[in-house]
């Protein structure tokens with residue numbers, strides 16, 4: 001018995017030692033023995049700035065009133081608030097002392113220079129697929145083109161023991177892939193470029209892929225039908241980017257996707273919610289070839305009829321009858337006529353690319369109603385294309401309409417013109433009313449210099 005206990009103790013010590021070594025070790029980087037260029041070329045710096053746009057680094061690591069990349073943006077998580085860090089080349093509070101290998105470990109593996117693990121709000125599960133050349137260019141840009149700013153980082157609000165970082169090493173081992181994106185032989189050059197941008201620097205799955213109870217994305221590429229199939233995140237529902245005709249991109253052409261990413265609007269939708277930030281600070285700055293590659297890749301992802309249902313068809317009865325006295329007795333109909341119809345039309349079809357349709361929109365057909373509640377309560381933030389704020393934006397109705405009125409009008413919208421998204425309950429409206437704020441009407445494009 002004594003011998004058994006000694007053997008058991010030895011096993012426990014060895015396992016504990018192995019775990020301790022694993023969670024405290026610094027992962028290897030291909031740049032461990034590589035020195036960064038002392039005088040990087042203009043071409044490398046320009047490429048680095050473009051990669052920063054692809055990754056939309058500025059959206060998370062800046063605030064409207066702060067210097068570029070100085071951090072401080074609060075991000076809510078189920079465990080508490082965390083704050084984006086200072087990634088300017090300041091040596092005291094930023095990344096000024098980072099070598100190229102240190103920078104690579106932080107971006108692609110989620111490990112800071114001092115060895116502590118980063119929360120996966122930093123999308124390193126996607127960035128791990130970025131190429132060595134893009135990482136090198138990005139590092140050169142941050143170290144040579146971004147102004148250093150001394151601004152201390154804020155600690156998270158996550159309480160002990162959930163704020164311990166070492167378990168993230170185990171999380172990474174289980175839920176993240178390793179290695180850069182490898183082109184698929186079945187895809188052409190344009191498809192592979194689009195896949196790289198979507199899966200890697202664009203980190204589209206961070207919002208559009210559902211997450212497991214572990215908060216890991218349920219899929220990281222097109223090999224799973226769950227990849228980019230839609231997800232609820234931070235008070236918004238990021239819709240499917242797959243070929244679902246009702247709730248995804250099934251009715252969109254590649255040209256429609258290109259227009260949406262380039263101009264912020266098309267005949268199907270206008271950017272709003274978190275996508276407005278992505279457009280204002282990232283997608284509109286991408287090259288035409290890259291936007292076309294993204295569009296080409298997304299259109300290759302099949303939908304799921306079992307999830308999406310039969311394709312939507314427009315029902316004209318609502319438009320014909322909405323003004324009739326009998327129709328006005330339906331809860332929400334009067335509010336729609338008074339508050340919504342001037343812009344979106346009695347027929348629910350909007351006004352070309354300027355005012356999005358409610359009839360047949362993905363938000364009106366999805367079971368998840370958070371986006372429609374949120375934008376009705378809080379309005380949409382200003383879309384800024386080519387430096388020009390758009391003339392039309394959804395106004396907030398939180399001060400004009402009660403929870404019941406918003407629930408009724410959205411239920412009306414989600415059951416009219418052939419829509420079948422389902423009813424909205426006042427309690428759902430109230431929950432988002434308490435946990436969200438009105439969208440800013442100020443035209444905000446975060447500067448990178």
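Using the three backbone atoms N, Cα and C, a Cβ is placed for every residue, glycine included.
TrEMBL has this to say about the protein:
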BINDING   57, 60, 61  heme c 1 binding site
BINDING   204, 207, 208  heme c 2 binding site
BINDING   340, 343, 344  heme c 3 binding site
DOMAIN    43-146  domain 'Cytochrome c'
DOMAIN    189-302  domain 'Cytochrome c'
DOMAIN    327-417  domain 'Cytochrome c'
Check: Which one is it: of the binding-site residues 207, 340, 343, 344, whose Cα lies the shortest distance from the Cα of residue 57 (heme c 1 binding site)?
Finding: 207
Item checked: Top Cα neighbour of residue 204 (heme c 2 binding site) in the set of binding-site residues 60, 61, 340, 343, 344 -> 60
Notebook entry, point to check: Given the recorded heme c 1 site (57, 60, 61), which additional residues of the same chain have their Cβ within 8 Å of the Cβ centre, ordered by sequence?
Noted result: 55, 56, 58, 59, 62, 69, 73, 84, 87
Margin query: What is the set of residues, excluding 340, 343, 344, whose C-beta falls within 8 angstroms of the centroid of the C-beta atoms at the heme c 3 site?
Written below: 336, 339, 341, 342, 345, 350, 355, 358
Next item on the list: Could you break down the residues of the domain 'Cytochrome c' (189-302) into DSSP helix, strand and coil, giving a count for each?
Entry: 47 helix, 12 strand, 55 coil
Next item on the list: Could you work out which of the binding-site residues (204, 207, 343) has its C-beta surrounded by the smallest number of other C-beta atoms within 10 A?
Entry: 343
Margin query: Just to verify a number: CA distance, residue 61 (heme c 1 binding site) to residue 208 (heme c 2 binding site), in angstrom, no decimals.
Written below: 21
Next item on the list: Let me know the DSSP-derived helix, strand or coil state of residue 344 (heme c 3 binding site), please.
Entry: helix
Notebook entry, point to check: Say you check the Cα of residue 207 (heme c 2 binding site) against those of the binding-site residues 60, 340, 343, 344; which is nearest?
Noted result: 60
